[in-house]
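Here is what TrEMBL records for this protein:
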| type | residues | note |
| --- | --- | --- |
| TRANSMEM | A:12-34 | transmembrane segment |
| DOMAIN | A:74-265 | domain 'ABC transmembrane type-1' |
| TRANSMEM | A:78-99 | transmembrane segment |
| TRANSMEM | A:111-130 | transmembrane segment |
| TRANSMEM | A:142-165 | transmembrane segment |
| TRANSMEM | A:186-211 | transmembrane segment |
| TRANSMEM | A:246-265 | transmembrane segment |
């Protein structure tokens with residue numbers, strides 16, 4: 001796609017900028033991973049050094065996995081993230097379909113109202129959410145987290161998916177109506193497959209903040225049975241002593257599932273981002 | 001089987017009136033074409049008939065039954081769209097069979113009916129392909145096949161040939177004409193291309209600004225346009241519309257004369273003009289003249305050579321001129 005007029009200097013500068021950004025973005029991850037494989041002394045002595053045979057140590061991983069609860073924490077994180085993504089995509093897509101497909105009074109206002117959540121952080125409502133959860137008896141359940149994360153993810157999902165669904169041909173939906181498909185079949189069987197790239201984009205943008213969140217697990221579900229990975233890793237951070245080996249090992253492990261999910265979605269994601277740009 | 005009656009249909013989007021009271025009757029087996037410029041409401045009217053849009057007021061009767069509140073799938077119609085609108089994730093066979101499947105028809109019946117439709121349109125070898133693997137012309141044939149399979153009382157075509165290139169357009173046009181003879185079904189067809197309208201229709205409905213201007217057979221519209229709009233819209237090149245006052249004629253606002261109903265001579269004639277441009281089409285020669293009363297288009301059959309800037313005299317054929325009053329209505333007699 002490079003235009004013949006683009007000079008090598010220009011291309012070089014662009015690549016330099018992108019490369020620098022990549023380095024900056026990857027550096028903390030890199031640091032976490034290499035230090036998780038070193039013993040405690042060498043983490044402090046030479047934080048930037050790669051693990052060598054003399055400094056190599058799996059003590060962090062042994063601590064983390066030896067604690068036993070960590071498998072449960074992973075499971076909790078996984079359940080919360082997966083179920084939240086499912087609901088965000090389902091409800092987000094349904095709302096987007098209604099907003100893009102049907103003419104009704106207040107359509108635009110409703111769209112703006114739903115998009116408002118993008119600009120207002122959900123954490124401002126923490127106290128009210130906690131009170132609500134206490135009243136509903138949902139404190140220390142994964143349900144509480146799923147509800148909050150679904151609410152948190154919906155605004156962006158509705159916003160992005162509405163735009164994408166507008167691009168689905170009206171003729172196609174009308175052909176479905178003439179063939180006797182119900183509105184639900186049109187939504188699930190014609191429209192959803194066509195906006196799959198956009199769904200993947202939304203899934204990735206929704207997934208990462210949920211997986212990494214510390215705030216709501218700490219407030220709504222801090223019990224041992226409902227801890228998520230990020231909250232679980234905090235066990236090793238004490239007021240006076242921090243078990244860095246264990247923290248770094250836990251964080252390294254926490255990267256893996258999210259990386260796998262990302263790879264699953266990423267092929268679709270790239271199509272989603274570029275198709276929006278090219279049109 | 002397959003008659004349609006439209007009674008005083010109105011449709012507004014917010015404050016914009018798209019259809020302003022349409023009355024129309026279509027007999028069983030007729031091929032009716034809606035023509036008109038963009039934005040005249042022809043596609044909206046088709047969508048209202050299909051049930052994809054609700055009319056603001058008025059009634060639609062298919063086979064004498066009021067269908068205002070019947071969903072599209074139960075109206076006994078099938079529709080072919082300009083963009084083909086094939087289901088991208090289904091094979092040609094499933095695209096054609098989906099409507100029957102939704103209606104709960106048994107599998108062998110679906111197979112038989114898709115088989116008949118696909119052989120009618122010579123699509124047999126493509127049945128297992130996906131729409132993405134077909135050419136534009138094949139896709140439109142699949143879309144037509146999908147309509148045939150439903151065995152509807154009423155076929156609706158929404159500019160089905162607009163996305164095809166010129167050669168395919170002629171072929172598909174012939175195919176649609178053949179299907180109409182073969183199926184003897186009622187067809188309603190929307191187009192902005194007057195050639196399609198003239199060649200296919202039993203009856204043409206000319207729409208303008210949400211109203212019916214005139215309904216008639218192609219030749220009625222050509223020979224006896226009732227309004228200045230129809231006169232200008234039907235026929236190519238367009239009819240010459242000349243201000244009557246400039247010609248010194250009274251009793252009419254505008255005089256209309258078709259380009260093919262004018263004779264030219266280098267020596268004498270009624271109107272004097274100079275040649276601006278000449279188009280040679282082989283079978284026809286089209287001459288653009290500048291006269292005292294404005295531009296004049298003349299269409300001569302066969303090949304003729306005239307020099308640009310040369311002087312020509314034009315004479316209209318007797319009895320072939322049309323006179324229109326201030327409201328654009330034709331003046332009889």
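Just so it is clear, glycine is given a Cβ too, placed from its N, Cα and C backbone atoms.
Among residues of the same chain six or more beyond the transmembrane segment (A:142-165), those with a C-beta under 8 A of the stretch's C-beta atoms are 76, 79-81, 83-85, 87-89, 91-93, 95-97, 99-101, 111, 114-118, 122, 129, 133, 191, 195, 197-199, 201-202, 205-206, 209-210, 213, 216-217, 220-221, 226, 228, 276. Of the candidate ranges A:12-34, A:111-130, A:186-211, A:246-265, A:186-211 contributes the most Cβ pairs within a distance under 8 Å of the transmembrane segment (A:78-99). Long-range Cβ contacts of the transmembrane segment (A:12-34) within its own chain (Cβ-Cβ under 8 Å, at least 6 residues beyond either end) map to 47-51, 248, 251-252, 255.
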